[in-house]
Amino acid sequence: MSFLTLDHLQKSFGDTKVVHDFDMRVEKGEFISFLGPSGCGKTTVLRMVAGFETPSAGRILIDGQDVTGLRPNQRQIGMVFQAYALFPNLTVADNVGFGLKVAGVPRAERGPRVAEMLDLIGLPQMGGRYPWQLSGGQQQRVALARALAPRPRVLLLDEPLSALDAKIRVSLRNQIREIQQQLGITTIFVTHDQEEALSISDRIVVMHRGVADQTGTPREIYNHPTTDFVANFVGTLNRFPAEVLDAATGRLRVGGTEIELGRPVGPGPLVLAARPEGLVLAETGIPAEVTGVEFLGSVQRLRARAAGQSIVMDRFNAPTAALPAPGETVHLCPLRSHWMVLAQPEAEIV
Amino acid sequence: MKRLWSWAALVIGALYFLLPLIGTIEFSLRMRRGAYSLDAYRSVLADPAFRATFGYSVMMALLTIVLGVVLVVPTAYWVRLRLPRLRPVIEFVTLLPLVIPAIVVVFGYIRLYNTSSILPLTGTAGGTNILLLCGYATLALPYMYRAVDTGLSTMDVRSLTEAAQSLGAGWVRIIGRLILPNVLGAVMSGAFLSFAIVIGEFTMAALLNRPAFGPYMQLLGANRAYEPAALAVIAFAVTWGCMGVMQLISRLAGVRKTAT
């Protein structure tokens with residue numbers, strides 16, 4: 001029995017169907033990310049779990065209890081918002097203690113719990129401050145502590161890192177994950193940032209046009225995307241139109257070069273795709289003309305044109321290896337295990 | 001040259017406002033022939049009718065503020081939260097008291113709530129007081145609504161509401177503990193304007209025949225020479241005193257916020 005069940009949720013605003021048929025089971029203590037572009041319905045699903053939106057159809061169950069008809073303040077859910085939403089008239093300690101006060105926890109018990117929460121987020125000295133005296137990152141940590149203080153059954157994070165600058169975003173995301181694992185709290189995290197989703201989640205739901213396109217671990221999502229949208233949205237993808245020579249053995253022709261995948265493929269034409277790290281330079285292979293080289297420290301990024309496509313190739317920095325110069329022709333050799341076979345999208349068939 | 005003009009404008013402006021005031025004060029001190037004295041003030045303050053009407057109006061003003069806050073804060077909040085498309089309509093409605101003269105409102109009241117109507121509020125003093133209170137709240141509506149709405153615009157009403165809801169808070173707590181304290185400054189300025197309006201209001205109180213300060217001032221002005229001037233000065237002092245107190249309160253609230 002799963003802990004949080006989203007049972008065939010649907011949501012329409014007027015004539016616009018925002019969420020089509022969203023079905024998901026979340027285990028206790030799991031960290032789930034909803035990943036997708038803006039307008040894909042991920043926030044709407046989250047808001048339905050929180051109770052701010054009522055599903056047009058479907059049910060939401062927490063720990064076996066149907067909460068679909070409950071008001072937001074009856075659901076025992078902790079939520080963190082993109083805009084922090086700390087109460088400006090209350091101190092940090094009063095903000096964190098707010099949910100406990102509402103729940104009728106006596107003052108004597110509130111104090112220690114608030115102190116415990118402030119310790120957890122690493123701001124033990126800040127209890128007497130007001131929200132406007134804190135930095136954005138500190139405010140968001142207080143918002144997290146406030147959401148966790150009343151021991152909610154589910155924690156919802158609505159793009160909590162989007163308003164922060166890059167460095168704080170990374171450190172806070174690690175802190176969120178640490179706290180989540182320490183408390184073992186079931187968490188849903190909404191983001192449009194794939195790196196965030198990949199680094200932090202137990203499982204990711206990639207959403208597209210109100211539908212869950214694929215659900216899986218970060219590795220599955222990145223390495224084995226099942227739909228074209230997921231393949232494109234998560235990570236960078238190089239795409240090569242391919243002609244099928246022998247479907248049974250997976251012999252294909254790509255840009256004048258024959259490639260054997262060693263596994264059967266569907267009837268062509270297909271698109272062969274690889275991540276930037278799935279390509280290597282070799283003596284023979286798909287010819288490509290280098291258009292640019294970026295040195296990013298640990299990684300070198302090569303931009304090239306091959307088989308009529310712009311492609312990106314990453315390789316680890318090697319102090320002795322020479323970098324190809326723009327204009328030079330190189331050969332790209334596929335790493336067999338890295339290739340993905342995608343059905344060619346209709347729009348691209350000329 | 002430019003500077004000279006601005007100084008000239010300032011001086012003219014100051015004279016425009018201060019001269020009548022100085023004239024009134026000077027006049028109010030001349031009750032005793034040949035010497036300045038506070039006789040007029042003594043006479044006014046000793047008049048039991050002054051104390052009664054002034055007390056009545058202060059009471060009504062405070063009740064008006066309470067009624068205004070209770071009416072306006074939840075309304076403005078709800079409109080911002082759930083009915084943003086209705087905002088222009090509500091704003092228009094709140095501006096109506098500026099367009100419709102008080103005398104029209106009060107005649108409307110008298111027609112609607114006279115002793116032969118379903119709700120004969122004018123039949124008793126208490127009922128008429130309620131009617132007057134509603135009238136005052138209507139007069140104060142444009143100022144109160146605007147002030148509160150501006151206060152609400154400085155905060156993220158929706159996120160704060162949802163945060164509070166997810167923490168288990170109900171509407172009463174959200175409005176009382178979160179929304180109201182955060183618009184207190186705005187409520188204060190709205191309250192001050194309401195107070196000023198109610199203290200000097202004449203039409204409604206006179207036509208509903210309530211013993212308010214406005215009709216008393218009028219009565220005194222028609223019958224005495226020096227006392228009305230003293231009364232005007234007192235009214236000024238009270239108004240400015242209120243303004244000072246409001247400033248002080250908001251300043252103190254600010255200090256509490258910064259001193260940590």
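Glycine too: its Cβ is placed from the backbone N, Cα and C atoms.
In TrEMBL, the transmembrane segment annotation falls on B:89-110 of the listed ranges B:89-110, B:155-176. When the ranges B:3-27, B:53-77 are checked against TrEMBL, the one recorded as transmembrane segment is B:53-77. With a cut-off of 8 Å on Cβ pairs spaced 6 or more residues apart, the transmembrane segment (B:53-77) and the transmembrane segment (B:130-148) reach 3 or more such pairs and are scored as touching.
Remote same-chain residues near the transmembrane segment (B:228-249) are listed as 21, 24-25, 27-28, 40-41, 43-44, 50, 188-189, 191-192, 195-196, 199-200, 213, 217, 220-221 (criterion: CB distance under 8 Å, separation of at least six residues from the stretch ends). Within the chain, the transmembrane segment (B:130-148) has long-range Cβ neighbours (under 8 A, six or more residues past its boundaries) at 60-61, 63-65, 67-69, 71-73, 75-76, 90-91, 94-95, 97-98, 102, 105-106, 109, 113, 121-122, 183, 186-187, 189-191, 193-194, 197-198, 201, 204-205, 208, 210, 212.
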